[in-house]
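J.: The structure that follows is given in the form of C-alpha cells.
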Amino acid sequence: MLATDSDPIVAIATAAGRGGIGVVRVSFGRGGEAAAQALSDALCGQRLAPRHASYVPFVDAHGAPLDRGIALYFPAPHSYTGEHVLELQGHGGPIVMQLLLQRCLDAGRGFGLRLAEPGEFTRRAFLNDKLDLAQAEAVADLIEASTEAAARSAGRSLDSAFSRQIHALVEDVITLRMLVEATLDFPEEEIDFLEAADARGKLAKIREQLAHVLGDARQGALLREGLSVVLAGQPNVGKSSLLNALAGAELAIVTPIAGTTRDKVAQTIQVEGIPLHIIDTAGLRETEDEVERIGIARTWSEIERADVVLHLLDSRTGMTPEDETIAARFPDGVPVVRVLNKTDLTGVPACVEHPAAAGDLTEVHLSAKRGDGIDMLRAELLRIAGWQAGAEGVYLARERHLIALRAAQEHLAQAADHAEQRAQSLDLFAEELRLAQEQLNAITGEFTSDDLLGVIFSRFCIGK
C-alpha cells in the first residue's frame, strides 16, 4: 500500500539523464488549492493563471534563480491526477532537476509535501476516476513498449478500446442477471421473463463476444510479453549461426570447434512487431569440463522456462541416438520445432515439413549460414505463438487480464449448463453470472483489492 493518498506529492517526471527539457510534477492531494498557490509563489514569484503557460524564473529560498522555464497550473479536477497539479518545465540536466525537486520539498514542508512513490500519480488518476485500471496499466505498457506494434496497442488501451469492450460485456451480463433475478423474485407470476427475453440467446451472444475479446487479448499479451525461444542441441550443429541469422547480426562466436558456446547468449528480435527473445545455449553432451557442465545445466533450466524450443540437428546426420536422448528430456507442454540446419552441405532445399511419424512436431530444413529458410522458421514461430498476421485493433493485455477473462468464460459456461436445467438451478445460474461479472469488473478496477492495486502501481516509474 502506498503512503497516504491525500498527501501532496512531488517527483521528477522525465527520464534520468541529460535532455533538452526536464519536468518536475507536483500533485496536491485533496483540497490543495492554497498549497498549490503557495508553492507557485515560492518558486515562481507569482500566482499562476490556470491552464496557461507562464515563462518564469525558478528561484531558491533567497530569490536567486535556479533556472528559467515554463510553469503550468492545472486546477482540480481538470488535471492528470484529478487533483490540483503544478508542473515546472526546466532545462533537462540532472543537477538542475534535483535542485528544483529539493526546492519544492523545502518550500512544501509546511503542508506535508513528500516524494511520490512509483506510479503514485497514475494511481491517483485511477482513484479519482480519470482512468480505469486497464487504462492505468496501459500507461506503464506504453512507456515500456519494445516494439512499434506494442506501443500502438498500448495507445489503443489507453484510449479505452479494451475498457469499452469489457464495459459492454458487463452491461450485457447485468441485463441478463436482472432477468434471472426477476424470475427468482416473482415465481408466482405467469410471465416467464427468461423465455420472453430469450435469455439463452443473450447468454450465447455474451459468450461469443467474450471469446472474441479473449482472442484479441491473447494477441495483445503476445505483443507485450513476446515469446521465449531456446536454441538447443548437440555442440556444433549451428545454434550460434542460427542466432546470428535470426538477429541479422554477429552476436555469437561461430567456430568449427564443438563447445564454443559455454553460457547462454540472448537477443530480442522483432517479427511483425512480436518480440522474440532468442536464447542460444551451450551444446548438450556428456563432458568432463566443469565450466561446460555448468553451461549445460543452465541450458536445461532455460528449456524448462521456454515458450518454444528449437531442437537443432545437422541435416547430414539427421536424428541421431544422442538427439533422441536430448528430445526425450524436453518438458511436456513446451512446443518443439525440429530444425535441420546446414542444408547448404546436403543440397536439400529449405522447406517446412510435418512428418507423419513425428506427430504434431514440425521440421524446418534451413541453412543458417546462407539464410535459406530463415523466413520459414520465423513464420513457424509466429504460428506457434498464435499470432494472426494483420490483426487490426489489438489492444495490449496482461496475464492478469487473461486470467480474469478465462475465469469469466468458465463462469458463463457453468451458467449455460444451469440455464438448461431451469427451475432446479436458477439460483446457481444467477450466481455464475454474478461471478462472471466480478471477474470482468476486476479488469477495469471495480471491486479490486488494495493489495492488487499496490502491486500494479509499484511497477510504474517514479513521476508517473
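One is the number of the first residue shown, and numbering goes on along the chain from there.
In case you wondered, yes, glycine gets a Cβ from its N, Cα and C as well.
Dumping what Swiss-Prot says about this protein:
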BINDING   ARG25, GLU87, LYS130, LYS464  (6S)-5-formyl-5,6,7,8-tetrahydrofolate binding site
BINDING   ASN236, THR255, ILE257, THR260  K(+) binding site
BINDING   236-241, 255-261, 280-283  GTP binding site
DOMAIN    226-386  domain 'TrmE-type G'
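Give me the lay of the land around each of these features.
T.: When secondary structure is read from DSSP and collapsed to three states, ASN236 (K(+) binding site) falls in the coil class.
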J.: In the predicted model, what is the mean pLDDT computed over the domain 'TrmE-type G' (226-386)?
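T.: Reported value for the domain 'TrmE-type G' (226-386) is a mean pLDDT of 82.
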J.: Note down the number of other Cβ atoms within 10 Å of the Cβ of LYS130 ((6S)-5-formyl-5,6,7,8-tetrahydrofolate binding site), including every protein chain shown.
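T.: Taking all protein chains shown, LYS130 ((6S)-5-formyl-5,6,7,8-tetrahydrofolate binding site) has 18 Cβ neighbours within 10 Å.
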J.: Work out how many Å separate GLU87 ((6S)-5-formyl-5,6,7,8-tetrahydrofolate binding site) and ASN236 (K(+) binding site) at their Cα atoms, rounded off.
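T.: Counting only the Cα atoms, the answer is 58 Å.
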J.: Since the record lists ARG25, LYS239 as binding-site residues, which of them has the fewest other Cβ atoms within 10 Å of its Cβ?
T.: ARG25
J.: Roughly how many Å separate the Cα of ARG25 ((6S)-5-formyl-5,6,7,8-tetrahydrofolate binding site) from that of ALA282 (GTP binding site), to the nearest whole number?
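T.: Rounded to a whole number, the Cα-Cα distance is 48 Å.
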J.: To the nearest Å, how far is the Cα of LYS239 (GTP binding site) from the Cα of LYS130 ((6S)-5-formyl-5,6,7,8-tetrahydrofolate binding site)?
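T.: One finds 50 Å between the Cα atoms of these residues.
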